[in-house]
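Novice: The annotation domain 'Transcription initiation factor IIA gamma subunit N-terminal' is assigned in TrEMBL to 4-49. Annotation source TrEMBL lists domain 'Transcription initiation factor IIA gamma subunit C-terminal' at 85-125.
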């Protein structure tokens, strides 16, 4: 199974990395074992989110379609009502999309939340199972 290092920049991933770095510096853990822990963390996060998260969220935003790349980004982040928010920045590199939205609204079955700025990192889940 291929994995991405998407979750290492999350709060829990950063804490794990800092702790492992400290343990390597103190000599209580070898660098090789620390790398193995991070690889296992990547796999475990991917599996846990895939099997345990059932919520669906819709995002409202606007995008200016002025080029072929903008059109691709709009298709990836399609929403029924494009009235709130703005797609500030996006990039597609190594099969990973990164979006920065401003003034977006997230809605699930139970609530709706407005956020000033949010970064979304996404990849094709089919690549994770290869």
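Along the chain as shown, residues are numbered 1 onward.
Each residue, glycine too, has its Cβ placed from N, Cα and C.
These figures come from a predicted structure and were not determined experimentally.
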Novice: Using DSSP, how many residues of the domain 'Transcription initiation factor IIA gamma subunit C-terminal' (85-125) fall into helix, strand and coil, respectively?
Specialist: 1 helix, 32 strand, 8 coil
Novice: Report the mean pLDDT of the predicted model across the domain 'Transcription initiation factor IIA gamma subunit N-terminal' (4-49), rounded to a whole number.
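Specialist: Summarising the domain 'Transcription initiation factor IIA gamma subunit N-terminal' (4-49) by its mean pLDDT gives 91.
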Novice: What is the three-state DSSP composition of the domain 'Transcription initiation factor IIA gamma subunit N-terminal' (4-49), stated as helix, strand and coil residue counts?
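Specialist: So the domain 'Transcription initiation factor IIA gamma subunit N-terminal' (4-49) is made up of 39 helix, 0 strand, 7 coil.
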